[in-house]
């Protein structure tokens, strides 16, 4: 499908019956964690604060009693304001953040594409980051060797692949991250705001690849503030507000309810980026 | 695109709340073992990026500790005067190198998780691999300094034998050099192993502390320097003041560096109590470090 405004291709929801098998089951999930106000907590500040009798720790109730199921092959869009718990939900499904209460069952291998990308150590080359990311995700060396060439070729970074990642532009980093995530042959792909990165050529390629994954009945979870993407790509949609599941259903209806709730008109600006 | 895996072969993952703050141990450790190659590759890659594998990088790994030892030798033997024999020199060298290894493990381990950045945020894997990878890196940087030790051993064993102090009146000669290759030296291997295990625990502990206090790495050098002065490295254990000696029961490096230096340099077998003390510190450190790390691990992804 072609976006009238930008002329870019938007992947569309798969036109096929969705399997009855459950891929992800989230049951009464609560996630509470404690974190600090400070960007970089230090012992020095802790001592200073002790003198003043202040505490810097706050408890965040990121998700409250969230339950839903995702069938294999469906694309679940997730909408909600900033801090609604969307990313925490993704992290929980990926197994990065354990539940405080409740239970999550995931059938198959997940691959995460959370907004921050793959390059964790910018002093290392793109190649090293790909290999290390893959090994950490549980792939064997042989599996990675099989995939490495495809990943590098798809990212299209040329000689940059063997350069330290601190020489990359942010778009290049995102391309590599996307390439890794989709080439791990995931059963479940978790995408957090990653579609807006990269240049036009890469976007086209990424879209094609996503469509391929969707058509091959991979399950996909998609967080995006571009509501048009959610409507077009998802087969189903959930709306989170302050950690609570507000609504689940047809993407168009959920997005309508969400936009009405936050009192924004469905202008082209909000549909593309909200 | 490969075809989707048939349902039967798809792994089912179940995520449940941690019990008593700890993840389920059996899957955790089996995952840790399965992904050990990650720790190895990470260590290799970081050594590559630090140019450790180039000729001059390797050269510096040998020269650095040697210069460091030279400085301390100048300080305690030449400037202060006193112990200057080959045996003391070797005690100093062996102790300093082992101490530097522990120090490096602490500082590399401390930043291992905070440096993991996006990987920690985006990938589910046992984070304990990160401080263990730092341990491996520090160990491989320590190995070249063993070559210096070996060089001096060969030198003293071969040339040192002639240096004798003869009493002018009685004519009794005493050999000044006690540095010789002996079979007891092989007992330095278990001693080093205990130091390694001790360091592994410290690495995990420092990594967790660094999450909460990001200035840990800035404060560490001061703490480690004091630790060095309180440990029998720049002097022999029997030169300690009595009140200090009493406190040494609290210092893990007292027995650990003690068995290392005695077996390697002095060629004597340390008393059993030192071995037991060392083993207790080593495994105690590993246990406390690993479990403290694991009990805090669920917070790391939201704190870094």
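Along the chain as shown, residues are numbered 1 onward.
Glycine is no exception: its Cβ is also placed from the backbone N, Cα and C atoms.
All annotation found in TrEMBL is predicted automatically rather than curated by experts.
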Range annotated as transmembrane segment - as stated in TrEMBL, picked from B:142-161, B:242-261: B:142-161
Annotated stretch (transmembrane segment, per TrEMBL) among the listed ranges B:31-49, B:88-106: B:88-106
Top partner of the transmembrane segment (B:272-294) among B:55-76, B:88-106, B:142-161, B:181-207, B:219-237 - counted as Cβ pairs under 8 Å: B:181-207
Same-chain residue ranges lying at least 6 outside the transmembrane segment (B:55-76) that approach it to Cβ under 8 Å: 82-83, 89, 92-93, 96-97, 100, 141, 144-145, 147-148, 234-235
Sequence-remote partners of the transmembrane segment (B:88-106) [C-beta within less than 8 Å, at least six residues beyond its ends]: 65, 68-69, 72-73, 76-77, 134-135, 138-139, 141-142, 145-146, 148-149, 152-153, 156, 179, 192, 195, 198-200, 202-203, 206, 220, 224, 228, 231-234, 236, 253, 257, 260-261, 264-266
For the transmembrane segment (B:219-237), distant same-chain residues with Cβ under 8 A (at least six beyond the ends): 72, 75-76, 83, 88, 91-92, 95-96, 99, 103, 106-107, 110, 206, 244-245, 247-248, 251, 253-254, 257-258, 261
Positions on the same chain near the transmembrane segment (B:181-207), where near means CB under 8 A and six or more residues out: 98, 101-102, 105-113, 128, 130-132, 134-135, 138-139, 153, 157, 216, 220, 252, 256-257, 259-260, 263-264, 267-269, 278-279, 281-290, 292-293
